[in-house]
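What follows is a single structure, written as structure tokens, with notes after it.
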Amino acid sequence: MFTSLSDSLDKTFRNLRGVGKISEKNIADALREIRIALLEADVEFGVAKDFISRVKEKAMGEDVLKSIKPGEQIVKIFHDELEALLGGDQAPLDLNPPARILICGLNGAGKTTTSAKLANRLKKEGRRPLLIACDLYRPAAIDQLAVLAKQIDVPCYTPDASESDVVKVAKDALAWAEKQQGTVLIFDTAGRQEIDEKLILELKRLHDFVKPKETLLVADSATGQQAVSVAEHFDGAVGITGIILTKLDGDARGGAALSMRAVTGKPIKYAGEGEKLDQLFEFHPSRMADRILGMGDIVGMVEQVADKVNEADAMRSMKRMQEGKFDFTDFLDQMKMIQNLGPLEGLLGLMPGFSKIKKQLPAGAFDNKKIKRTEAIVLSMTLEERTRPEIIKGSRRQRIADGSGTTLMEVNQLIKQFGEMRKMMKSPTKMGNMMKQLGGAPGMKDIMKGFGGGKFPF
Ligand SMILES: Nc1nc2c(ncn2[C@@H]2O[C@H](COP(=O)(O)OP(=O)(O)OP(=O)(O)O)[C@@H](O)[C@H]2O)c(=O)[nH]1
Ligand SMILES: [Mg+2]
């Protein structure tokens, strides 16, 4: 998602940075391009217009025009406004007892999957979630939830197939939940093809009875602007407390994600990025803004890998990046870590600058076979070459290709790609931003202290 928006923004900002002295006209031209890019990404018209005028007001300020690096300043203004547009701070769930979460949304938006994903997350956080199947309309909906619940080992209330009153189901479920000693109840509800009064009425009755602390609207990010009006409608009917965007892993243009918060005023609390039950992530506006601007989401990446890789190794590699010492040995370590992880493109997409690097790679570059080849190339380098890649010139490259059973072209390509990665890591603004983010990651504060009180030399 956001690929074409990111590309357009990247082009515009690159042009802007390239201009020696920035004039108001340069800024106005850039903003016009950005406005078009936003509209092409399916951002709601009013939202795009307001957004541009806010950026414009700040970007036209004296300080910016007179600053040493006006291009960078404008990127920063854009980033901050984007972050604000996406909601500012991450919005947590209200899980005070009795913690009840009502999941609602259109047909096929991902409600049932998301209910299970959320239960899975909460369980990992040490809570005791219970799932309650309240979709009495679609045949097999109850079974679907029960199957997912079983996969994550979370108790699930499954009403009898003949049951037709959703309030009765909720009542029975509460009695059942009492015995289960759960701490968070998640109610999965029936979908609607479109806003359907009968079903909305049913949802209202259920809502009145359950009195949920959280009423979360699940919205498919691929539905674009339509998702926004749906959100407004649900909000009008039952008062939603937040939004969960699903299918961010798809190729949607991202307009819904960008407009949702501004139009409804409701925070996006989570984002679903895949069909697996561990692919639900907290929605952090700042990280999302970084991703849209191609700055990567290092914290997100760290969190995703935290379960699966050795934290000490990851931190060592991060520290080396920060010190500008990242070399092929670190690269190899990372490759190994990456091999243990799930779908690679999604994860690597969180790396700063990766979207640009990715384009230079041949199709299928991230399949396991290719990774093995890359690994072979690095393993054929001497230790010195790994630490000082700049010495890998002509004959060395051929030797490495021969030694690893790859081609000179592959070796050249890898070295070029590595160079780009390194350049990205050395870029003060990008690295500074990454480090700022890192400060916010759980457990990171202590590690940062170890790096010199959280202060970095740029
Ligand atoms: N790629 C991807 N697929 C998802 C995501 N979330 C849900 N899906 C898929 O979307 C489809 C519909 O998901 P459900 O959870 O059944 O949707 P629902 O809103 O409960 O549908 P109804 O109950 O029929 O209204 C399933 O095939 C899910 O696997 C996501 O974040 N990414
Ligand atoms: Mg469902």
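Glycine is treated like the rest: Cβ placed from N, Cα and C.
A quick note: this is a predicted structure, and the numbers were derived from the prediction, not measured.
Of all the Cβ atoms in the protein chains shown, 24 others lie within 10 Å of the Cβ of Leu248 (GTP binding site). Taken from TrEMBL, the feature GTP binding site covers 105-112, 188-192, 246-249.
Under DSSP, the residues of the domain 'SRP54-type proteins GTP-binding' (267-280) split into helix, strand and coil as follows: 0 helix, 6 strand, 8 coil. The domain 'SRP54-type proteins GTP-binding' annotation in TrEMBL covers 267-280.
Filtering Gly105, Gly108, Lys111, Arg192 by Cβ distance to ligand 2 (under 6 A) retains the following binding-site residues: Lys111.
Distant neighbours of the domain 'SRP54-type proteins GTP-binding' (267-280): 86-87, 90-93, 110, 113-114, 116-118, 120-121, 148, 151-152, 216, 242-249, 257, 260-261, 288, 307, 342-343, 346; these residues of the same chain sit at least 6 beyond its ends, with a Cβ under 8 Å from one of its Cβ atoms.
Among the listed binding-site residues, namely Gly105, Gly108, the Cβ with the most fellow Cβ atoms inside 10 Å is that of Gly105. In the structure shown, across all protein chains, Lys111 is the one of the binding-site residues Lys111, Arg192 with the greatest number of other Cβ atoms within 10 Å. Checking the binding-site residues Gly108, Lys111, Thr189, Arg192 against ligand 1, the ones with a C-beta less than 6 Å from an atom of that molecule are Gly108, Lys111.
DSSP classifies Gly108 (GTP binding site) as coil under the three-state reduction. In the three-state DSSP assignment, the secondary structure recorded for Leu248 (GTP binding site) is coil.
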